[in-house]
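For reference, the structure is listed below as structure tokens.
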Amino acid sequence: MGLHKLRLAAAVPVTFSSRLFLKPFTNTLTLGLFSRHLQPRNKPLLVRAFSASAAVQDIPATQTSDSSVAARPLWKAAIDFKWIRDNKEAVEINIRNRNSNANLEAVLQLYENMVNLQKEVERLREERNNVAKKMKGKLEPSERERLVEEGKNLKESLVTLEEDLVKLKDELQHVAQSIPNMTHPDVPVGGEDSSAIRQEVGSPREFSFPIKDHLQLGKDLDLIDFDSAAEVSGSKFFYLKNEAVLLEMALLNWTLSQVMKKGYTPLTTPEIVRSSIVEKCGFQPRGDNTQVYSIDGTDQCLIGTAEIPVGGIHMDSILLESALPLKYIAFSHCFRTEAGAAGAATKGLYRVHQFSKAEMFVICQPEDSESFHQELIQIEEDLFTSLGLHFKTLDMATADLGAPAYRKFDIEAWMPGLGRFGEISSASNCTDYQSRRLGIRYRPSEPPQTGPKKGKANLPATKFVHTLNATACAVPRMMVCLLENYQQEDGSVVIPEPLRPFMGGIELIKPKHK
């Protein structure tokens, strides 16, 4: 059985350096099984003008044009272009507030071109049908010959315009998919510093002795081995040892047990998914600063969060209203390139390439998504309060929202070793942004039958569901919090009481004596 060579696509800084490399690189780095490569950005498709009408206009100058042709999209989002056109000002402000690079003018111009071209196609189809009808009657030979020639010309023109229409629709999708979700009206406008505190729980622990960070604690207690992992896998990988392994399992099992009590169905997920699923969930699997590892030579990626495979479970489906809400708590390993991450604030377990996480995911009716968002946040806050953490919940500002999020709350916990708060979870309401891309709809309960005949035509129209996601437990950062906050003067670490039954009754991680 041959060994497949994986080349993991991830944008890296040009100034990247590592002890593994002796000279600068350009496009591709090969690390035995793994490598990272830079993807060229797709150039906009040149829309071919048609001579039968002036419906197709030039794309705005902000759209770069060259001789390259954008690849046809492998999937299409059900974007409401008419709504975008009718609410241009609101969409424009939203794009600006979120610091998005979406090109609204290009989208609107392409949409207008498409509408005009569709009208022209429909006009030619009607003319061709009229010619066909005339051909059925009794005609003089000369008239029949003229109609045959006219029908032939119309067919050729129609084929050309239909090809143009397909290309125009593809380019419209290509450009429009960069438009972010709209934003909740209560979200603060600005950068991360503009985020509003929803609440703050507890207070920083006061230590009467010099404190250690989790790296030193992990070394002294023989819990974490970064050096061996760096030799085996590279930087930002780690081994957990001894009680740290039990602590990870305890965190996950306790979290799952608590969240399941709220009616969430437990899942484990695939950790390799198709790139299209990553894109449909609102992540960029390739390009500058991607956080996604792509498997070269395939259409697959390693997941950065269980949100992605869980979102794909009901892809291209119509759910019954009675089946909603669907609430999941999913365990997975997560893989992130952490491109651009550096500095003391990201050292140790705080920012790593591979980690375990439990993720909550909700599929619901649109009118229920805000209440489920509050439920997710409350579950997170209850979990962290039970573990005795000092944390604050932030309503994140517009510029800190990812493309799918309508609103996002982050929770930051106090990390004594860092001397600051660090993010440990987030909860996002993505409304119908993901469902329009994943094709997840539901059919409202059928109203009383009033017509004489019951049939498909009488069924209520389907609607797009809303999706939400929230972190229940990101293991490495939770371990940072617990090790640093529960350290004792003698070098030991106390295990929070809720976790002890899941660690065989262990109450204390003690220094190892050689």
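For all residues, glycine too, the Cβ spot is worked out from N, Cα and C.
Summarising the annotation, Swiss-Prot assigns L-serine binding site to Thr305, Ala306, Glu307, Glu359, Thr471 and lists similarity to another entry as the type of evidence. For Glu307 (L-serine binding site), applying a Cβ distance below 8 Å and a minimum sequence separation of six or more within one chain yields Cys281, Glu359, Phe361, Asn469. Under DSSP, Glu307 (L-serine binding site) is assigned to a helix (H, G or I) in the three-state scheme.
The ATP binding site annotation in Swiss-Prot covers Arg336, Thr337, Glu338, Val352, Glu423, Ile424, Ser425, Ser426 and rests on similarity to another entry. In this view, Thr337 (ATP binding site) is surrounded by 22 other Cβ atoms within 10 Å of its Cβ, with every protein chain counted.
Among the binding-site residues Thr305, Ala306, Thr471, the ones whose Cα sits within 10 Å of the Cα of Ser425 (ATP binding site) are Thr471.
If you compare every pair of Cα atoms in Thr305, Ala306, Glu307, Glu359, Thr471, the residues listed for L-serine, the longest distance is 10 angstrom.
In sequence order, Ser332, Cys334, Lys357, Glu359, Asn469 make up the list of same-chain residues 6 or more apart from Thr305 (L-serine binding site) whose Cβ falls under 8 Å from its Cβ. The L-serine site is defined by Thr305, Ala306, Glu307, Glu359, Thr471, and by the 8 Å test on Cβ atoms against their centroid, the other residues of the chain that qualify are Ile308, Val310, Ala330, Ser332, Cys334, Lys357, Ala358, Met360, Phe361, Asn469, Ala470.
When secondary structure is read from DSSP and collapsed to three states, Arg336 (ATP binding site) falls in the coil class. The secondary structure of Ile424 (ATP binding site), as reduced to three states from DSSP, is extended strand. Remark: Val352 (ATP binding site) has Lys236, Phe237, Phe238, Arg336, Glu338, Pro476 as non-local neighbours, by Cβ distance under 8 Å and separation of at least 6 in sequence. Contacts of Ile424 (ATP binding site) defined by a Cβ separation under 8 A and a same-chain sequence distance of 6+ are given as Phe384, Leu389, Phe391, Ile411, Glu412, Ala413, Thr471, Ala474, Arg477, Met478, Cys481, in order along the sequence.
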